[in-house]
Amino acid sequence: MAIKVLVVDDSSFFRRRVSEIVNQDPELEVIATASNGAEAVKMAAELNPQVITMDIEMPVMDGITAVREIMAKCPTPILMFSSLTHDGAKATLDALDAGALDFLPKRFEDIATNKDDAILLLQQRVKALGRRRIFRPVVRPTTPTPPPRSSASSVLGGVSTHTQPAPVRSSHAASIRPSGKQYKLLLIGTSTGGPVALQKILTQFPANYPHPILLIQHMPAAFTPAFANRLNGLCKIEVKEAANGDVLRPGCAYLAPGGMQMMVERTGVTGRVKVLAGSAEMNYKPCVDITFASASKAFGGDVLAVVLTGMGADGREGARMLKSAGATIWAQDEASCVVYGMPQAVASAGIATQSISLDNMAESILKESARG
């Protein structure tokens, strides 16, 4: 049975094109369209769609208000469309706070010109959210879409992909006994669902968290400054968008800039961030694999790396390199993920040693990071 989709936008052109693109996929079906947030709230309750695509700026009722009302009355996975501006980034983050699960940049030219990658991306995101199981009391079984092959392995130097899988323990924070390792760096990589997950985790960290933190979130260049500023205002630790040459400091989180690659190099007892344009052949900018791989070379086993919710398999090959160097790798568990793609890739390959719920992740990291 096709995933039922409600398309919400005040532009008749955009409603029509999004509907056409969604309906091109046999696994998807647009059941209705709405021209403002008020109509969306009404249709969501009446039609029970499995996914809603939502514009932000609309008459009568804006998209953020509509998200709040829908999540209060009939929780439904919502994909936001956002303009690539500072105000658009802020509004999108507000929508995610209100309960939306994911977003896509609103590029009229890509939609209008039938650009293949834009079409595929929209279809993939809608299907991923349509498989989100937490929202519905009755769930139809689905088969997860195999994560797309990353081009990172060639860039990272031909890492072997034949690690024998080992069982992954699903753990509660109380059940995790600190390993006693003395870490020098915390890495967190994520994609779909990441902004909310990162906020939940990092707001629980104390100001004196003992290690530098590198954050890799798939996000456009226009969004990462606003996201870093938001986290910095909410967290006790410092959060900043990473800049080339930043010296790593304990209790500071460095967010990889959108459209760039973030690497780390060792400089004496600490490290330094390198921000590069990177290869055009990479699927993701920023790419979790790139940051993880550089950390394996710079810090070896002195790293705790966590892979959170996200679509695809970015992070798997970099995590494999980290594990080979002696680092500790954790993954978010399936039940608490918006999309169980990136964590599944790490867990099913036998790279992650723990599978931890989002609710328990911060406490688990703090216990493991505590200096003896």
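Placed from the backbone N, Cα and C atoms, the Cβ positions cover glycine too.
Under the heading active site, Swiss-Prot lists S191 (among others), citing sequence analysis as support. Residue environment of S191 (active site) contains 26 other Cβ atoms, counted within 10 Å of its Cβ in all protein chains.
There are 22 other Cβ atoms within 10 Å of the Cβ belonging to H218 (active site). Feature annotation from Swiss-Prot assigns active site to H218 (among others); the stated evidence is sequence analysis.
In the shown protein chains, 31 other C-beta atoms lie within 10 A of the C-beta of D314 (active site). Swiss-Prot lists D314 (among others) with the feature active site, giving sequence analysis as the kind of evidence.
According to Swiss-Prot, the feature domain 'Response regulatory' maps to 4-121, an assignment based on sequence analysis. If you average pLDDT over the domain 'Response regulatory' (4-121) in this model, you get 93.
What Swiss-Prot records for 179-372 is domain 'CheB-type methylesterase'.
Annotation source Swiss-Prot lists 4-aspartylphosphate at D55, citing sequence analysis. Counting every protein chain shown, 26 other Cβ atoms lie within 10 Å of the Cβ of D55 (4-aspartylphosphate).
The feature region 'Disordered' is assigned by Swiss-Prot to 138-174.
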Task: Return the member of D55, H218, D314 nearest to S191 (active site) in space, with distance defined Cα to Cα and candidates limited to these recorded positions.
output: H218
- line: Expressed in Å to no decimal places, the gap between the Cα atoms of D55 (4-aspartylphosphate) and H218 (active site) is 20
